[in-house]
Amino acid sequence: MYTGTFTALVLVGFLALATADSYHPDEPGSVRGTVRSDELSASFWQAQAQATVKRRAGTKTGPAARNVILFLGDGMSVPTLAAARTLLGQRRGYTGEEAELSFESFPTSGLSKTYCVNAQVADSACSATAYLCGVKANQGTLGVSASVPRSDCGASLEPTARLQSIAAWALADGRDAGLVTTTRVTHASPAATFARAANRNWENDASVRADGADPQQCPDIATQLITENPGRQFKVILGGGRREFLPRHVVDEEGSNGTRTDGRNLIDEWRSDKIERNVTHSYVWNREQLLSANATMPEYLIGLFESSHLRYNMLTNPTTEPSLAELTEVAIRMLQRNDKGFFLFVEGGRIDYAHHSNYAELALDETIELSAAVSRAAELLDERDSLLVVTADHAHVMSYNGYAARGSNILGTARAADRDGVPYMTLSYTNGPGFRAHVEGKRVDITTEGKYGSIQWRSHVDVPLSSETHGGDDVAVFARGPQHALFSGLYEQNAIPHLMAYAACIGPGEHVCNNTN
């Protein structure tokens, strides 16, 4: 464990480092007040989470979960849920407010606290480390404890700092594992299922070098997925991000260049690994190939459907790019062949990006897409042996405001105007790129804009920023299946994988299988 000067750095503040991701900033600045030094260790958060499990489980017995799916709506705040269900209902011709997203009918719901060790408002990396590895971490870091400052390659190699995810726990028990996402498969949320990185931006070797680190010491996230455990053991990997696996001189199937500078083609290396292991396998890059693989069912499947993230559902070509529900169904069919069961991570990752751009309609539509994927999973899996958990990593700063009449267009204006008689939107943002400069001390009437109401029209914003920020709100958790009642109430985010592990009898700590009373 690092002490002395390093601990002082953590308690006083962190260096601001360059980032390649304009949506997600680097270090949050100096910590105000005192962070307990024991919070830097994995054991602190593991013990805290296990105490939560014991309080909630007690001596209760009951069925264990054979299969576990964690659905993650990236940035799916509580206002996002409320607005998305309203949009869903209005699309069906009703007033809308009375509608339900598929998972909102699950028997148990709760709330999780999303802060990170060094940040009041989480990013998707430290939060993913919490809900997948069971330990709270520093902003921008993946699969490592808070003893690792962002971009510190050496600190991330310390054995006590390196974490295992619930996907690795499932694999150790002889179950299968996989991931599905609408972002790059190397992006922060999915990466925490398999990677350990001092910087979430280290998706390829060039980004590691650009940060002053050595990819031979700290392999990039794409390399870890293909060549290291647990990533190379995943039976199914579906999402975007082809560019992170290809050299710069290689042009992919849709005309985009790779980003790697080491000359490695990791897609070819994935194929070679499967050939050496004498297992059936398939690499796919479009919907037709995915459906073909769904029919033939190879033992291993990797699908990379875009150079970067998958396109927004409302802006995609459905004949070439699969929906999140289709990706989820293929993954479940692949994994449920293992009689012992599986763990699957499914992310609706573009909710977050739409909010960052103040695209309210796109954010709500992506939430509805996640709901459809959960519905498909619920249809395919027996509630008696499959635990489905739906949550978010962090909130956003979209508010649901005003006094519009019941059934008013959720994407329209509130009933009232401001003090100057200028209308404002029911869905507004505290900050972001949608800010309009005031004219003579008054807000402009956004309803007169030529693109008002179009899919990529930016909603009303108060504070001008190049990208809207995350919010520090608690986020909702919904659960269905064995031991679902564990997920009620309010708890730290890092308790989530421990609660799932308790229900599935995998990983460290208490398990329902051990309760005999």
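The backbone N, Cα and C atoms fix where each Cβ goes, glycine too.
Caution: TrEMBL annotation is automatic and unverified by curators.
TrEMBL lists 1-20 with the feature signal peptide.
For Asp393 (Zn(2+) binding site), the number of other Cβ atoms no farther than 10 Å from its own Cβ, over all displayed protein chains, is 30. Here TrEMBL flags Asp74, Asp352, His356, Asp393, His394, His470 as Zn(2+) binding site.
Note: Ser189 (Mg(2+) binding site) has non-local neighbours Leu72, Asp74, Ser124, Ala128, Thr181, Thr183, Glu347, Gly349, Asp393, i.e. same-chain residues 6+ apart with C-beta under 8 A of its own C-beta. Feature annotation from TrEMBL assigns Mg(2+) binding site to Asp74, His187, Ser189, Glu347.
A simple way to gauge crowding: the CB of Ser124 (active site, phosphoserine intermediate) has 30 other CB atoms within 10 angstroms, across all the protein chains here. Residues or ranges marked as active site, phosphoserine intermediate in TrEMBL: Ser124.
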For His356 (Zn(2+) binding site), nearby residues of its own chain (Cβ under 8 Å, 6 or more apart in sequence): Tyr23, Gly75, His396, Gly432, Ser467, Glu468
Residue from Asp352, His394, His470 whose C-alpha is spatially nearest that of His187 (Mg(2+) binding site), among the binding-site residues: Asp352
Residues within 8 Å of the Asp74, His187, Ser189, Glu347 Cβ centre (excluding the Mg(2+) site residues themselves): Leu72, Ser124, Ala128, Thr181, Thr182, Thr183, Ala188, Pro190, Gly348, Gly349, Asp352, Asp393
Sequence-distant neighbours of His394 (Zn(2+) binding site) in its chain (C-beta under 8 A, six or more apart): Gly75, Ser77, Thr114, Val121, Ala122, Asp123, Ser124, Ser127, His470, Gly471, Gly472, Val475
